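A.B. asks: Please find one structure pasted underneath; my questions will follow.
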Amino acid sequence: MKHTSIHWFRKGLRLHDNPALLAAMTDCRKLYPIFILDPWFPKNMRVSVNRWRFLVESLRDLDESLRKLNSRLFVVRGRPTEIFPGLFKEWKVTRLTFEVDTEPYSRQRDREVVRLAAERGVQVIQKVSNTLYDTDRVIAENNGKVPLTYMRLQTLLVALGPPKQPVPAPALENLKGCCTPCKDDHDAEYGIPVLEELGQDPEQAGPRLYPGGESEALCRLDLHMNRTAWVCNFQKPQTEPNSLSPSTTVLSPYIKFGCLSVRTFWWRLAEIYQGRKHSSPPVSLHGQLLWREFFYTAGAGIPNFDKMEGNPVCLQVDWDDNPEHLRAWSEGRTGYPFIDAIMTQLRTEGWIHHLARHAVACFLTRGDLWISWEQGQKVFEELLLDADWSLNAGNWQWLSASAFFHQFFRVYSPVAFGKKTDKGGEYIKKYLPLLRKFPAEHIYEPWRAPRSVQEQAGCVIGRDYPKPIVAHEVVSKRNVERMKAAYARRSASTTAQPEGGGGKKGAKRKPLAGPSVAELLTKKPKTESS
């Protein structure tokens, strides 16, 4: 039997290493590659104009690649559960293929779509290719529990063996005897959207530093993989959060949208590592991909993973509600130039270094402002090009010492941390040009500069640039005490769900990896400058 297939592109906006797409092409008479503009996402997720632009560029690139295979991309507008019954009937579809997505909304949506397909006799094929491993299989290997430490995940993956090799991109050979029926008015009905259609103003977009699409992703991957020594010596903690050009690959937006396959990236690295001395996880480039796997697995198995309440691994904290401080942080108006420069870069460019994310996340939560990590998660969800549900939630819980990481007494200094790699404040001058005339000794703490120096620099603190909204040396000590109290309350609790959210109600929580609560409560505050 020759099938009429729909391949549903979602995150995997690429031709290479797309096993679900190849499955759609097998024994296929007609192929319809589609992307659905689902109104759920703009209604329920904050998306910046920069990320919309990246998506539009990725769809345009995908359409161009499909044209080379004598096919086209069909962009359909509407809710998947409402769209598919009509498409199944109109196109006489017999098979639907798509990549597995583990996010809660996606799983619920996909279950409903599978049910609708079954009612109409449409075969459904789902393939794992957004992650290195099948997250459900990893959890099953851990006796049905989510691994809560990186080391535990590594142990499980050793038992499962290396990730699957990526599959080749389809060629014309794969489409012999298969066609994509296109009307003359294809672009009018199924064309790539423009930003205005998405309710976005192109004039509000920042500089186009990271063009979207698979072609750009593979080009950038090649450029980095040609830097053999750099790849082998890469250690994430040794890279600079405030370099004027990125000190890491910035491939994360391409992996988030699936323009670059994580398995392709993994095996390209493996080829380079072969026979050479190289860094190892967790700090190596392989290690960075395993961190992604760690948080994807956690997000797949922990209920309410993007919330504090109802999240069985998350510390319950009485965070403050301070909209004014939250706005100042998100808009880069805290009065701490290092923090404000990072948030300005994020808002304008859509990307910041991972260690810069550490600094601003700690500042917002347990370090200085004592505002919930959920609020920071929302801002990152909007502004980051690489905003990924599982990674965003997991990293915010980590950096606020709410889960996975428990050394809350280690606090990033909003002054000393940036100085370590940029004493002269060149990064601050780039993103906060108002401060560019301050001498190096004052640029991280301009409020300490004499009035004459401020006037000479053309920027008076409190008038042209804000005074610090909090005194770090005061609030950071107070917040460590508040974290101690939160950990003490958790320690005193006798009813909590076990690891991963499974098990019976009222069962005692198994201890998480890391220092004991007693050890944590006796620790003294330590300000991080490294």
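The backbone N, Cα and C atoms fix where each Cβ goes, and this holds for glycine too.
Below are the features I grabbed from TrEMBL:
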- 3-132: domain 'Photolyase/cryptochrome alpha/beta' (DOMAIN)
- 248-252, 288-295, 386-388: FAD binding site (BINDING)
- Trp319: site 'Electron transfer via tryptophanyl radical' (SITE)
- Trp373: site 'Electron transfer via tryptophanyl radical' (SITE)
- Trp396: site 'Electron transfer via tryptophanyl radical' (SITE)
- 486-496: compositional bias 'Low complexity' (COMPBIAS)
- 486-530: region 'Disordered' (REGION)
- 521-530: compositional bias 'Basic and acidic residues' (COMPBIAS)
A.B. asks: Using Cα coordinates, what distance in whole Å links Ala387 (FAD binding site) and Trp373 (site 'Electron transfer via tryptophanyl radical')?
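C.D. replies: If we compare the Cα positions of Ala387 (FAD binding site) and Trp373 (site 'Electron transfer via tryptophanyl radical'), the gap is 15 Å.
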A.B. asks: Distance between Trp291 (FAD binding site) and Trp396 (site 'Electron transfer via tryptophanyl radical') at the Cα atoms, whole Å?
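C.D. replies: Pair distance, Cα basis, whole Å: 14 Å.
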A.B. asks: Distance check, please: Cα of Trp396 (site 'Electron transfer via tryptophanyl radical') against Cα of Val250 (FAD binding site), rounded to an integer number of angstrom.
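C.D. replies: Answer for this pair: 20 Å between alpha carbons.
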A.B. asks: What counts of helix, strand and coil residues does DSSP assign across the domain 'Photolyase/cryptochrome alpha/beta' (3-132)?
C.D. replies: 58 helix, 31 strand, 41 coil
A.B. asks: Using Cα coordinates, what distance in whole Å links Ser252 (FAD binding site) and Trp373 (site 'Electron transfer via tryptophanyl radical')?
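C.D. replies: Here the two Cα atoms are 21 Å apart.
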A.B. asks: Around the C-beta of Trp396 (site 'Electron transfer via tryptophanyl radical'), how many further C-beta atoms are within 10 angstroms, looking at every protein chain?
C.D. replies: 25
A.B. asks: I'd like to know which of these binding-site residues, Val250, Leu289, Ala387, is least surrounded, judged by other CB atoms within 10 A.
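C.D. replies: Least crowded of the binding-site residues Val250, Leu289, Ala387, by Cβ count within 10 Å, is Val250.
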A.B. asks: Can you check which residues sit near Trp319 (site 'Electron transfer via tryptophanyl radical'), meaning Cβ under 8 Å from its Cβ, same chain, 6 or more apart in sequence, and list them in order?
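C.D. replies: Non-local contacts for Trp319 (site 'Electron transfer via tryptophanyl radical'): Thr365, Trp370, Ile371, Ser372, Trp373.
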A.B. asks: Counting only residues 6+ away in sequence within the same chain, which have a CB under 8 Å from the CB of Glu293 (FAD binding site)?
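C.D. replies: Listed in sequence order: Thr131, Leu132, Tyr133, Thr135, Val138, Leu153, Leu157.
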